[in-house]
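Okay, so here's the structure we're looking at.
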């Protein structure tokens, strides 16, 4: 490895975001946050690290093994680096904002750090934008969060968004209802995760027929809804499925321009959801661009809540590049007041600098302007195209 | 401690940023970043953690004891959590952007984490906005960075900004020139840091007269400049002082509206600076709101560079609160299309939600709108003041 390569080396899954991309990420992030703010979601900012117990309280057990720990020399207690922001927002709702009126609508953006990347998401640091709707357990709340995500993605013109509505708790509910335990349960979960109908059918039991019917019903909402409505499920499971159907019909009725699919037995990627959930996709982007769903804010005894997170890196991959910036070269001797006025007028300037490659003639200044990537030059009080 | 207080407890120096403040911080941050972008400074984003060696290469030794360490289970190497972003930007300049034309202008924003807060800055996590000008060692470059900081602060209307120009390397340069070593040097540095003229005079030696003269010259630029110009310093020290005077005169000539003071022997708070440096203050804000100065990007053998960082928390303390947002309550049954259009038109909406406190009558909706902090209500296709 060369000295240059050695210095540039970052830990796996971590990266420098370079000019152009970093500005684009910030622009898109703030547009998404603005969309959430306009829908009544108030921005909060959570700390990068906090005490391990509070960080992991109410979080999925899986998150604990994904969280880096730090010793705090001040308190001599262990802290964790945030690997998800939803539990932190839940903590804020349950403590500092315990007296704020419900429904409580909060939004956030920030980077999280994970110990290990996944196959589809090798990044270990990634930026999220998210929203939480806390204190309401209704189908209307489930629907609001789905539509909130779609409206935000629409604002930044992500093309061809689709929503997959899921019910990750349904299989477990069915196993309980049919008394399926132990190895058999594990085998069924594995077959479901592989979407392996043949394997499901090879396992004996009443629950199998239901699971196969649910798997086979999955697909675009228009075809899935009639099939799902015909299914007869045990009490409890049936209620949950009808909630899913209710939310799907509300989303369809909203008139928002996105494809809606339903896959009631999809469980992958849901860690703490307790009800109607969803995954967001965009054409030409591998893997999901966001997900969300119902959970308890602040742990199993916490308030009813639903929320969603959007993944900035995936979203940026689904968007065309931003417009290139046109820059105006300011030759040596440009008065500071004129330079400031140009910037106030919206120009992006690049000032010639004594001590750098200096150009004392107009031709020299044009050459220097090109070298610095400018399209325009400021001459005689005018912004002129460089090609002229 | 109550259960609520226990859950809300964060490690010392870390905090939740609540609604209102978090949005204000983001707004101000993006305005500052826009000001830097318009002056040709390209945004980059650095990782939260990276390998210890690369994170601390070229950084001040002091930074090492301020940096949290993490073991990376993937590489089994130690990583550090960023406690400053300047060395990271220097690394990017020296590696990924080694072939980009110079002068290289980069900007960044992000949160850093420190092991211990200081007396004036008890926060252990704080947000920075900064810029680096890499590849030029001239007084024009020093001046550009000072003016860049002032222009950015002017854009967000920080009232009564002042700049203190410093030369933190000057005392050391003088000690070397006068052969001052060991205990005597330590005693002089201590006296300088306390600005204790009596103590300085009590220490014998030629250097004392020079240091006292420099201390006594410190003050507003208009009075300090003539005094500093009269001083006779040893070669090397004299060149540095004349650079400081040159930069001061250029800043004064720029016509920017900020008070300029000069304090050539101020050393506190400068960790890696190698030349003309500065500290930024605002009226009614305790401590500095930013600082900057000349250094070597990527370590002692690196490129000539100068840069500055602005401290978001201090800046926010120096600004009036942002304008309060007016919210429009959308009663139950408001069509989604109309709600979206209101938001597209710039309104901030708060939708009634089935399952929350439901209001079926207009009077009920008005009560609910007030409870949710709205100033307007959407009735009959119109946004109406709530008080009407």
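Heads up, residue numbers simply count up from 1 along the chain you see.
Each residue, glycine too, has its Cβ placed from N, Cα and C.
TrEMBL does not curate its annotations; it predicts them automatically.
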Handout entry: Record-annotated L-histidine site (TrEMBL): member among A:69, A:102, A:114 besides A:84, A:85, A:86, A:128, A:132
Key = A:114
Completion exercise
The number of other Cβ atoms within 10 Å of the Cβ of residue A:85 (L-histidine binding site), counted over all protein chains shown, is 22
Practice task
Compute all pairwise C-alpha distances among A:84, A:85, A:86, A:114, A:128, A:132, the residues listed as binding L-histidine, and give the largest one in whole angstrom.
Solution key: 21
Handout entry: Secondary structure of residue A:86 (L-histidine binding site) (DSSP, helix/strand/coil)
Key = helix
Fill in the blank from the handout: In this structure, the one of the binding-site residues A:86, A:128 whose CB has the fewest other CB atoms within 10 Å is A:128
Exercise for the section: Would you pick out, from the binding-site residues A:84, A:132, the residue whose Cβ has the largest number of other Cβ atoms within 10 Å? Expected result: A:132
Problem - CB within-chain contacts under 8 A for residue A:114 (L-histidine binding site), separation at least 6 - result: A:13, A:66, A:67, A:83, A:124, A:125
Handout entry: Model confidence over the domain 'Aminoacyl-transfer RNA synthetases class-II family profile' (A:25-388) (mean pLDDT, whole number)
Key = 93
Problem - In three-state DSSP terms, the structure that residue A:114 (L-histidine binding site) belongs to - result: coil
